[in-house]
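Input: a single structure, listed below in structure tokens.
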Amino acid sequence: MNPVNYLYLSALLFTIGAAGVLIRRNAIVLFMCVELMLNACNLAFVTFSRMHGNLDGQIIAFFTMVVAAAEVVVGLAIIVTVFRSRHSASVDDASLMKL
Amino acid sequence: MTLAAAASTTSTGEAVQFWILATVAVIGALGTILMRKAVHSALCLAGTMIVLAIFYLANGAYFLGVVQIVVYTGAIMMLFLFVVMLVGVTAADSLKETLKGQRWLAALCGLGFGILLCAGIGNASLKSFNGLGQANSGGNVEGLAALIFTKYVFAFEITGALLITAAVGAMVLTHRERTERALSQREQSERRVRGGKQVPPLPAPGVYARHNAVDIPGLLPDGTPSELTVSATLRGRGQVRDVSGEALADLAALEQRSARWLGRDAKGGKGAKDPKGADRREGGGGADQAGDPGDDPAGAGHPEDSKGVAK
């Protein structure tokens, strides 16, 4: 088996995540789909790191994880705040930035 | 190290592992976007992330594989679950389309995008590859550390600033400024008395000594279940169990059983067994029923009722 298959899997997962962002309306599920896309990118980075025989790809994947963790913290805080003021986690309802 | 040598050629075992786990990963990803409830989506995503951690390990990224499990499935997914609990588990997505045909167009876009990506990968010349044997020879963690603290040290410092900013941002966002003074305990109790509803604590749930679960309402002196004893959340979900009829059914079954028992015994030694059996039946029935009528004169309000039962 060629490691290229990992890249195909990564592309597939990224596509599924992107389609989820377009289809779903619950803000939390939307956020999970973004996480899925980030994970797919990480898999591609790790596979490229193996194909090229150096560790730079793994470093980039590591930084992606850190940024994703920071993003999740802030994003979920925003979702909780929006839910407090509107009592809904649907992105359709939040059409205005303020009440 | 055999792993370092094997990294430049993929074994049959890795191929088998890939095809099985890739299926699981794709099913998990599909479950994430297709499940109606956010909790199910989160669990599906956690499964996909664990599979990805195994793929990282298989690709020679030992440090990242462990970090993926600790950080992603351990911290980030649990954070997601916390927020799902805060926002409400039962809040399922409505399936009504607000834009006509949006879902099909989104699926079509996704399909096109996936074909584009796969075609790009297929056209690239990736026939041969170098394994990580050379790079991992001094240990994966050591190699990563050497890179982070030399070539990428500036990015690493910036990452620290980013994490601090994110932590402060989350605190600022979820912090609620109090605009009025907090009520003292005295003011709260005065307000409650003036409001005139339920001054003492709410009565406890449970019936007799057998059912003290929180979803079972306590019985009023007339035998009807009391709404006050069960939490409003359970009432709203319709998860209140009513066992007030069960006790009577149990009693009837007991009486029937003891009657049959006595009937069978009547053939043998009637004189010895009969009074004992009758006594037991009488006592059991009496104890079951005594709880309510006994409290009837004293317990007009709910708290007294539950207290009487507890005694």
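Each residue, glycine too, has its Cβ placed from N, Cα and C.
Nobody curates TrEMBL annotations by hand; they come from automatic prediction.
The compositional bias 'Basic and acidic residues' annotation in TrEMBL covers B:180-193 (among others).
The feature compositional bias 'Basic and acidic residues' is assigned by TrEMBL to B:262-283 (among others).
Residues annotated as compositional bias 'Low complexity' in TrEMBL: B:289-301.
The compositional bias 'Basic and acidic residues' annotation in TrEMBL covers B:302-311 (among others).
Helix, strand and coil content of the region 'Disordered' (B:180-207), in residues and according to DSSP, is 11 helix, 1 strand, 16 coil. Among the features that TrEMBL reports, region 'Disordered' is placed at B:180-207 (among others).
The annotation region 'Disordered' is assigned in TrEMBL to B:261-311 (among others).
The annotation transmembrane segment is assigned in TrEMBL to B:16-35 (among others). Proximity of distant same-chain residues to the transmembrane segment (B:16-35), defined by a Cβ-Cβ separation under 8 Å and at least 6 residues beyond the stretch ends, is recorded for 41, 44-45, 47-48, 51-52, 54-55, 58.
TrEMBL lists B:42-63 (among others) with the feature transmembrane segment.
According to TrEMBL, the transmembrane segment annotation covers B:69-92 (among others).
The annotation transmembrane segment is assigned in TrEMBL to B:104-124 (among others).
Among the features that TrEMBL reports, transmembrane segment is placed at B:144-173 (among others).
Listed stretches B:42-63, B:104-124, B:144-173 were compared with the transmembrane segment (B:69-92); the greatest number of C-beta pairs under 8 angstroms is found for B:42-63. Remote same-chain residues near the transmembrane segment (B:42-63) are listed as 3-4, 7, 14, 17-18, 21-22, 24-25, 27-32, 35, 69, 72-73, 77, 80-81, 84, 131-132, 136, 140-141, 144 (criterion: CB distance under 8 Å, separation of at least six residues from the stretch ends).
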